[in-house]
Amino acid sequence: MFMNKKVMIGMSGGVDSSVAAYLLKQQGYDVIGVTMKLWQDDDVVEIEGGCCSLSAVEDARRVANKIGIPFYVLNFREVFKEKVIDYFIDEYLEGKTPNPCIACNKHIKFDDFYKKARQIGCDYVATGHYAKIEKDESTGRYLLKKSVTDKKDQTYALYNLTQEQLEHTLLPIGDYEKDRVREIAKEMGMAVHNKPDSQEICFVKDNDYANYVKKHSKKRIEEGFFVDTKGNILGKHKGILYYTIGQRKGLGITFGKPMFVIDINPINNTIVLGDNEDLFKKELIAKDVNFISIDTLEEPLRVQAKIRYSAKPSPATIHRVGEDTIKIVFDEAQRAITKGQSVVMYDGDIVVGGGIIEKSL
């Protein structure tokens, strides 16, 4: 039992963080439940599963009352707008496809939220993420490891965690299957036991990110041209933010064969279209790299790397090319390597590290 160890847990009102809070209480921790009030416009307050809608706050409050822990709502709207929403908008305007959940974990949940917890004397922060943290006694390093089920594993979104953060973070449901988590919630009489998983970007209604960016951007969205790989004009596009690498449907123009978005050039406002085989590349450059299982990359290292949340890790070799920049060379070409997405590297179930894809080669 961990009597007198104080932990502040982020509660979204969903089943995962609710059960995580319950498990911590059962283990003897002094648990404080907190819902983070993030930025949301009036028209998206009640997104189904939205993590800071009024209903989500009330769900979290009811769970906290049921398991007998204090509950608070903390306002992170300003920093969330600056570090997540503005970043999200800027990246799309640059022809990239960002992952706002990774930015939120890096800047909000495991930075500002973490600092707030430490300021009030908490020993740990906790979340309902599906991942595990272990200490390697031989090296003294804290390791981030995949959860027991690959289907729900969320290590991809947590690669920015530092050694200090890992030391003071608890992930109570990393050893549980999702079905078991729901069972525990039902056994405890939690109304959230059958609450649907959130599937959308929490601040974007109906997942319509393009119109969200258009509405909130100070920059005018300009039409431009589709071009082929040789630069020949094929037609007009309605603005680069409406397209992503690998896209085939919704181009608004028809050809005699399937055509795919293979590159987006914000400088001259063009979108390059090509064949499916043009999407396959073996190399990429990643920046803002954070390593977890190693301190620095001294020499080429064999890993398994995944280029998006839903991808399977693929064998590759990583090479250092700068202070926080690496080149990844895959054994087999990867389809639709996308600027702005994260690439995360693994050694089996251990997270080696990750970074933001700058370009494919």
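Glycine is no exception: its Cβ is also placed from the backbone N, Cα and C atoms.
According to Swiss-Prot:
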| type | residues | note |
| --- | --- | --- |
| BINDING | G10, M11, S12, G13, G14, V15, D16, S17, M36, G128 | ATP binding site |
| ACT_SITE | C104 | active site, nucleophile |
| DISULFID | C104-C202 | disulfide bond |
| SITE | H129 | site 'Interaction with tRNA' |
| ACT_SITE | C202 | active site, cysteine persulfide intermediate |
| SITE | Q341 | site 'Interaction with tRNA' |
Cα proximity to D16 (ATP binding site), best match among recorded positions C104, H129, C202, Q341: H129
Local backbone state of G10 (ATP binding site), from DSSP in three classes: strand
Distance in Å spanning the most remote Cα pair of G10, M11, S12, G13, G14, V15, D16, S17, M36, G128, given for ATP: 16
When distances run from the Cα of G10 (ATP binding site) to each of the recorded positions C104, H129, C202, Q341, the nearest one: H129
Proximal but sequence-remote residues of the same chain as H129 (site 'Interaction with tRNA') (Cβ under 8 Å, at least 6 apart): D16, Q154, A157, L158, L171, I173, G174
Rounded distance in angstrom between the Cα atoms of the residue listed as 'active site, nucleophile' and C202 (disulfide bond): 11
Euclidean distance between Cα atoms of S12 (ATP binding site) and C202 (disulfide bond), Å: 11
Euclidean distance between Cα atoms of Q341 (site 'Interaction with tRNA') and M36 (ATP binding site), Å: 25
Euclidean distance between Cα atoms of Q341 (site 'Interaction with tRNA') and S12 (ATP binding site), Å: 24
Separation of alpha carbons, G14 (ATP binding site) and Q341 (site 'Interaction with tRNA') (Å): 26
Most Cβ neighbours inside 10 Å, all chains, among the recorded positions M36, C104, C202: C104
